[in-house]
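Notes for the one structure printed next.
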Amino acid sequence: MAKKISLLIFLFVLSTIIAVISSQRCSGTGSFGEDSKYAINRENILSSLASNVKIHHGFYNGTMGGGPESPNRVYAMAMCIDGSDPEVCSECLKVATDLLIHSCNNESEGFIWFPYKTLCFARFSDHSFFGNHDTHLLYSGHSSGLSRLTEFDQNFSNLTDGMIVELSRGKKAATNGEALTKFQTLHALMLCTPDLPSSNCSACLRESVDVYHRVEDLIRKHGGVIAYPSCFFRWDLYPFSEGFTQTICCILSALVVILFIRRRRSNPPPDFPNVPKNSLQYDLKTIEAATCTFSKRNMLGEGGFGEVFKGSLQDGSQIAVKRLSKESAQGVQEFKNETSLVAKLQHRNLVGVLGFCMEGEEKILIYEFVPNKSLDQFLFEPTKQSQLDWAKRYKIILGTARGILYLHHDSPLKIVHRDLKASNILLDAEMEPKVADFGMARILKMDQSRADTRRVVGTHGYISPEYLMHGQFSRKSDIFSFGVLILEIISGKRNSNFHEIDGGSGKSLVTHAWRHWRNGSPLELVDAEIGKNYQSNEVVRCIHIALLCVHADPDDRPDISEIISMLTSNSIILQLPQSPVYEGSEMGLPPIKSVPVSVNDSLINELVPR
């Protein structure tokens, strides 16, 4: 290759599925060199398994390389579950054996159960295993939320006992179900490799059931998988007898899913000249496996330029995957901008970027996973508003301000976010806010205080007047958006549709807050879900700061550093707020009649270090 690429092999699994075969689990009686005869024989026989299984109608075992005593002899086996389409089976095995080769690297033994449109299995070793039950074990379970646990235990035993008896009579696979309630059925799948005698098959599956009863991570879990190299057992509250769909993939995953992360040690890709050389570029197969091929069940949200999915890594850490919409030609530039930008940013109140993927038409960003999703899902959801007491809301206001401070002043770049809003504030497990989504962000040169653009982007209700009217944006544009956000956090109402909530009055949340302030009743703005457990002077001060932020003239708005001082020190005397309303505009924004100034946007597209 022209470029030196270091392949870092990571074993990924979803949090609800099977554990991964670790490198030592792959190991058999020894290891071998990459160019050894054993390595060549192993690759050759594993590469031939898909075609041989197709020829032999779903199951094949064989050897390659010398006689039984030869150290270079490789034993291999592969199969697909009964009823698999031959082409689908071949496709599954091609992927599985490729992953197996790379996962076990230079090890002399390994196996994989892999669900890819069907369920397939592949195994290799430096010694004969045909007909024997191996004790290497993999398992995973996911929690239930079941209340009638005694009945579940009895139904589980009835179901598994009956299936093992069925398989002891010569069958190699069985599916069945046991009714738990009128609306809920426990489903199970048991199978053995066809080379295994019936007695060994029964013993293997009984050991699997014993593991369920012994292992704390499995017992009384409503779904899970227990797998040996010779038998496989899965149970869940969802039927899966007609194949392995994306949903099943998300629950099962691969017992070995090898996901390649390519670290470019030379120059980054041409399309990303500003991406740091130590940024991780993920292989598309990695992302597809981690998200179960972008399953809708894994979707976290949807934005202007694409969708966000949840994925999971081998070590249990989770990721958020932002997939750019293929139909959004406009979004390509935003993606490149965001990739270049966020790779340079590190702050506790900014969502962390882990890497990116750009392959074919796919353009993907990989972020740290933030479990509580976005602020809007708490703030504007009636069933969740009560979870945000005043202490949490104040913490979110202050943390968001600190994230903005980093963007505006403390980062290596002078950054204007341009799309600060509730849905772009993510909340971690401790409800600490993290500013996210830098697709619309722009970088100012050191001597720039503001810039112009032909194209106004952002979200209705958060866009500052000067940006909306003239296409002029600056750090003070973000301050306006932050002021709106503070009012939303305090009131629990959206600015963008407040006039509808307010009975079609035509008022915005901003003008509504201003009128309460002017009338001496600012606490009327407070969300009833907060209750009475708050310090009124602290809330009033936050409303005061918000009204300073939404001044019509950007020069009258405070800097973010001043805002943080105002939030953290009561000794600072605040200016009196001015009316945020332009004359003749009830919405708190100027009439949208002006033509944006036509200035070259490339002035601020360059990444210029401070």
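Cβ from N, Cα, C; glycine included.
Just so you know, TrEMBL annotations are computer predictions that nobody has curated.
What TrEMBL says about this one:
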type	residues	note
BINDING	Lys322	ATP binding site
DOMAIN	20-129	domain 'Gnk2-homologous'
DOMAIN	134-240	domain 'Gnk2-homologous'
DOMAIN	294-573	domain 'Protein kinase'
SIGNAL	1-23	signal peptide
Inset, instruction - Let me know how many other Cβ atoms fall within 10 Å of the Cβ of the residue listed as 'ATP binding site'. - result: 24
Legend entry - the domain 'Gnk2-homologous' (134-240) [mean pLDDT, rounded to integer]: 81
Inset, instruction - Mind tallying the domain 'Gnk2-homologous' (134-240) by DSSP state, helix then strand then coil? - result: 37 helix, 31 strand, 39 coil
Legend entry - Helix-strand-coil residue split for the domain 'Gnk2-homologous' (20-129), DSSP-based: 42 helix, 29 strand, 39 coil
